[in-house]
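Noted in TrEMBL for the protein shown:
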type	residues	note
COMPBIAS	B:33-54	compositional bias 'Low complexity'
DOMAIN	B:105-310	domain 'ABC transmembrane type-1'
DOMAIN	B:384-591	domain 'ABC transmembrane type-1'
REGION	B:1-56	region 'Disordered'
TRANSMEM	B:63-83	transmembrane segment
TRANSMEM	B:109-131	transmembrane segment
TRANSMEM	B:143-161	transmembrane segment
TRANSMEM	B:193-211	transmembrane segment
TRANSMEM	B:250-271	transmembrane segment
TRANSMEM	B:291-311	transmembrane segment
TRANSMEM	B:336-365	transmembrane segment
TRANSMEM	B:385-407	transmembrane segment
TRANSMEM	B:419-444	transmembrane segment
TRANSMEM	B:456-478	transmembrane segment
TRANSMEM	B:514-536	transmembrane segment
TRANSMEM	B:573-593	transmembrane segment
Amino acid sequence: MTDPAPSRPAPALAVEDVACRFGRVQALAGVSLTVRPGEVMALLGDSGCGKSTLLRVVAGLETPDSGTVRLDGRLVAGGGAVVPPEARGVGLMFQDYALFPHLTVRENIRFGLKGQPQAARASADELLEQVGLAGHAGSYPQTLSGGEQQRVALVRALAPGPRLLLLDEPFSNLDRRMRDRVREDTVALLRRTGTTALMVTHDPEEALAVATRIALMRRGRIVQVATGEALYRRPGSLFAARFLADAAEIPARIRDGRAATPLGDVPAPDLPEDAAVQVCLRPEALRVGPPGEGIAAQVARRTFLGAACILHLRLPGMEGSVRARLPDPGTYGPGDAVGVTLVPDAVLVLPDHDAG
Amino acid sequence: MTRGPASGRLVPPGPRPAHPATERLPAHAPSERATGAPGRAAAPPVRSRPAAGRSWASSNRGWTLAAGLVALLVLAPVASLAVEALQGSGGLWPHLLAHVLPPALRETALLLAGVGVLVVMVGTGAAWLVAAYEFPGRRLLDWALLLPLAVPTYIGAYAYLDLLHPVGPVQSAIRALLGYARPRDLILPDLRSLPGCILLLGFVLYPYVYLPTRALFLMQSATLVEAGRSLGAGPGAVFRRVALPLARPAIALGASLALLEALNDIGAAEFLGVRTLTVSIYDTWVNRSDLPGAAGLALVMLAACLGLIAVERRARRGRGYAGAAQRPRRMSRTRLAGPAALAALGLGLVPVALGFLAPAGYLAVEAGKRLHFAGLSGAILSESLNTLVYAGLATVIATVLGLLVAAGPRLLGGRWHGLLLRCATFGYAVPGAILAIGLLPPLAALDGLLDTVSRALAGASLTAMGLGTGAALVYAYVVRFLAVTAGSSEAGLARVPRSLGDAARVLGRGPTGALARVHLPLTWPALLGGALLVFVDCVKELPATLILRPLNVETLATHLYGEAARGTYEDGAVAALLIVAVGLLPVALLLRVSTPKA
């Protein structure tokens, strides 16, 4: 970022205890969330968890049943305030881009500039040039490729200079190869324009790649808000751990501050005695060595990933197989005997009550 | 990805040299509050939208109010009917029950049953013929089968009465062929009878069934038909066991529309001497000046219409078109050759000939004779102008109001707007005669009130502002056909993805701005189509026009009615031909709309 986030008293967005119900569906059940200026926050969750509803509430497209929404400290929803979407000064990039098919790319981008000075148009054109679409200004959006449409949608949302940009699954309509590239470009543009952003996604990898902080949602509530790394390394719940990465889970009980597994005891000093826990073994939590080191295991299957590989290991005293990630293609193949030790920092011990 | 990075457009913005504008960009960001950040405070706050917030609630409320007013305008005549019928003398209902209703109900029921069977048979058969078979002339038949839509029932009756008159061309030709000298030597069945009326209405109204059923057959997934064939069903069995049940919603919809038209008809039934409810209502009002009696009959008829619609809804229940429309691959047509192809063409041409070619051809010949003999009369010109003015006004108003009520639920949401929309489109279920009778009492009251006020204020009497100026007629047209414009607006708006409207809102437009800048540009073809249909319907409308037109003002339709009622055949053919010509306009449109894209 060229410009360090100024120390403002008010957060860019403050959502407080917002609830929203559609008929019998409780889409949001008391959500509180704060987005700091300059931050890119990801709302991560499964479909139907309420993340898109929260985005629409912030944009003013839905009215919450209770709770308040503040933008830069100004009350825009709840507490008697009903500020319509057009007066909120937020940008929204839609999942389907919602480009106006009857307007050219340039007209689309200038749509939000009504009543703004001439300079705004010039900078909108400049933005278009920056994303490499100046040559398409006169084209109609449906003649562009998916990636180009995505960039037009982004520029259109950014052109009026919103104080907060909302992105609804901005990359989900792109194929995988394109996605990484477009994602990087988008993040770069957000940084350069100093835009505060709130992005909805169901893809943890995407949230980790883009966001400065992630708010994990589940069933209309926010489960955990943390930086991507903290969320990944220290998930607050079994749900969060499962959402961020696949892991083999070994049920256990806490005895003397430790959880026993077939691979050895794991320290869990913060959990109460006799608590039911799941010990989560992500692929990076197992170190594989020659037989004799640690616990004896057998390679059942090997998945080659190019630079790395995954070994599916069969361990004595455990049903099914456990996956271990090797940082290199390795030399082990199916049927080989190996020795397995735990990487203590990467093992997660989490209370087994809120999984679902 | 349709364009690779190699195309050079996918340039990541990062490494480019920073543009001056890039540095300016953050200047857009400041809010109304002073941010205090030194780099940002210098630039003027770009975003200022103070007005939108204030107008939000009021524009929302205004919209609801307007839509509510429209719904009220539509429901007023029906309410007034009920009031009028209840206010009638104590002897009203016994009299109606004993002497008027039984024959009228019997005739109407028989007529509806006959017309219903006929339109379903002809309409579905014709639709299957052009959808399932390929033969020379099929493409022609495809659209020609729609042509009878251009012939209003009373014009069909008018033409056939003369065509089949004992001294008319058809009977004369038959006599000449068989060697009879005088009309009384060969008595052919008279068209002026219930069966005659059924045949006439059936062959003019079958396109209402043909149109949706054909569209449904065309949309139907080829795989369903192929599955039927592969399971051992022949073409006939596929039609009976697969295509027909699947088409049931379309058939029900079409049949109910055709029957509503038959109920609405006043000219054909009267010309052919069938005393239906509609004729009884008109007769009770015009010839006996018995408004409560007419209102009572109208209520009965309204019940019949609503019953019809309920039956149609029931028949359609649980059967969506959508499921069948998902598959893009269409059913392939069975190719016919030789005698079979000829038979198919001949069979398909029968409804076209009976429903359009014969009456329209007759009208063209007669109109040509008349124009050659007497030239274009001034009366026809002024009537055309009247027709144009009333129909045009009603079309403009109905289009605007239709958009208003249809846009409410889309733009603002809420249960209220959906309910108001349904109320506002209730008029399509109310035949013109009922509507007109229902409008008389409130309009008379309004005229009286205006007159009183005018006398009190200006000392001059102000007679019949509503009934005298044609405002009442325009009102009736709007109420009757609002469903058409609202329906087409609704269909058009439904095709605009919701996110487009949301995007316009987030980009700073209010509900009205979004409608003007996004929805209208995307839906105007649908709106125009709806407006065209309404215009043509207004031109063709007879019963309400007869009752509500200002004194001494004739339209093309009422002129024709007058001549047919008097038995004089002067300019009638010219007027009828003009109406049919206008009626041809939407046929082309309907065909385009109803043909699914390949």
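Glycine is treated like the rest: Cβ placed from N, Cα and C.
Note that TrEMBL annotation is computational and uncurated.
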**Long-range Cβ neighbours of the transmembrane segment (B:573-593) (under 8 Å; 6 or more residues past either end)** = 142-143, 146-147, 149-152, 155, 158-159, 211, 359-360, 362-364, 366-367, 369-371, 376-377, 380, 383-384, 529, 532-533, 535-536, 539-540, 556-557, 559-560, 563
**Item:** Candidates B:109-131, B:193-211, B:291-311, B:419-444; stretch with most C-beta pairs under 8 Å toward the transmembrane segment (B:63-83)
**Value:** B:419-444
**Item:** Same-chain residue ranges lying at least 6 outside the transmembrane segment (B:109-131) that approach it to Cβ under 8 Å
**Value:** 138, 141-142, 145, 194-195, 197-199, 201-203, 205-210, 213-214, 217-218, 239, 243-244, 247, 251, 254-255, 258-259, 262-263, 269, 274, 276, 331, 333, 344, 347-348, 351
**Request:** Sort out the residues at least 6 away from either end of the transmembrane segment (B:143-161), same chain, that have Cβ-Cβ distances under 8 Å to it, and list them.
**Result:** 126, 130, 191-192, 197, 200-201, 203-208, 210-211, 214, 261-262, 265-268, 271-272, 348-349, 351-352, 355-360, 362-363, 540, 542, 557, 560-561, 564, 572, 576, 579-581, 583-584, 586-588, 590-591
**Message:** For the transmembrane segment (B:336-365), give me same-chain residues lying six or more residues beyond its boundaries with a C-beta closer than 8 angstroms to one of its C-beta atoms, as numbers and ranges.
**Reply:** 122, 125-126, 129-130, 133-138, 141, 144-145, 147-148, 150-151, 155-156, 159-160, 162-163, 203-204, 206-207, 573, 576-577, 580
**Request:** With the transmembrane segment (B:385-407) as the reference, find which of B:193-211, B:250-271, B:419-444, B:514-536 contributes the most Cβ pairs under 8 Å.
**Result:** B:514-536
**For the transmembrane segment (B:193-211), sequence-distant contacts whose Cβ falls under 8 Å of one of its Cβ atoms, 6 or more beyond its ends** = 107, 110-111, 114-115, 118-120, 122-124, 126-127, 145-149, 151-153, 156-157, 160, 250-251, 254-255, 257-258, 261-262, 265, 268-269, 272-274, 351, 354-355, 590, 594
**Request:** Would you mind listing the long-range same-chain contacts of the transmembrane segment (B:250-271), meaning Cβ under 8 Å and 6+ residues beyond its ends?
**Result:** 108, 111-112, 115-116, 119-120, 123-124, 152-158, 161, 192, 197, 200-201, 205-206, 208-213, 215-216, 244, 277-279, 282, 301, 304-305, 308-309, 311-312, 315-316, 321, 428-429, 431-433, 542-543, 546, 560-561, 564-565
